[in-house]
Amino acid sequence: MINTLPAFWAVIPAAGVGARMAADRPKQYLELAGQTLLEHSLDCFLGHPALAGVVVSIADDDPYWPGLRYASDPRIQRAAGGRERADSVLNALLVLHAQGASDSDWVLVHDAARPNLARSDLDKLLSELADDPVGGLLAVPARDTLKRADGNGRVSATVDRSTIWQAYTPQMFRLGALHRALAECLVSDVVVTDEASAIEWSGQAPRLVEGRSDNIKVTRPEDLEWLRQRWAGRR
C-alpha cells in the first residue's frame, strides 16, 4: 500500500501557548518519554516515505525551538507563527509555495501537541483521501452521551450522538484549496479553529476518516499524565 500513497507536505502550527496546561512553557515543549511533544509530533511524519517536507510555524520570540534536535534538520522549514492558528497555517502554506509546492499538492496539518498519531492512521488517511475531490480529516465518532447546557450550568437537552464526531488531526487538503479557504476566512473575520472548518466555510464537505481514539491532543495536565502512563508501558 505504501507505494500507492500520495506524496504530501506536513504543516505543524506550534506558536500557541496552551494556557489551560498552566505550565511554565508552551505545552508543545513539555516532555514526554525523553523529548518534547513537538518532537514526537514531528517523528510521526519524518520517517514516512511519502513525505515531501515539513513546515513548522514558530513564534518569533520562541526560546525553545532552537534547542531541539530538529531545529537544524534540512527536511524542516520554519514559518512565522501568527496570532491565531489560521495565521500560522497560512504562513506555512506561503513557505511551501515559495519552495515550489503546487496548488494540487496534499498538505497534512497536525497539532504540535498531538504526539500519539499511529502510523496506521496516517497511512489510512493518505490512502482513503488520495483521490478525494475535497480532502478530509481523522476523526472519532462520539462515544459518550452528550448534553447541551443552558446559561446556568444545567442540562437543556440531550444531543443525538449518532451524527457527532470529534475532529482530530492530521487534516488533509490540497494546498491551493486550503490557502484560499483560510485567506477568505481571515479577510471575512471568520474565526476557524481547524482547517476543516475553513474548508466547510468555503462550501465544501470534508470527508471523515475514522482513526484511533488514543490520538489525543494534550490540552490539560491529565492528558499528559495519561500519555506518560501509557508510554511507560511500552518499555
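Every residue gets a Cβ built from N, Cα and C, even glycine.
Annotation source Swiss-Prot lists site 'Transition state stabilizer' at Arg20, Lys27, citing sequence analysis. The site 'Positions MEP for the nucleophilic attack' feature in Swiss-Prot is assigned to Arg161, Lys217; the stated evidence is sequence analysis.
Rounded to a whole value, the Cα-Cα separation of Arg161 (site 'Positions MEP for the nucleophilic attack') and Lys217 (site 'Positions MEP for the nucleophilic attack') is 21 Å. Taking only the Cα positions, the spacing between Lys27 (site 'Transition state stabilizer') and Lys217 (site 'Positions MEP for the nucleophilic attack') is 10 angstrom. In sequence order, Asp111, Ala113, Arg114, Tyr168, Thr169, Asp223 are the residues near Lys217 (site 'Positions MEP for the nucleophilic attack'), counting only same-chain partners six or more apart with C-beta under 8 A.
Burial estimate for the recorded sites (Lys27, Arg161): highest at Lys27, by number of other CB atoms within 10 Å.
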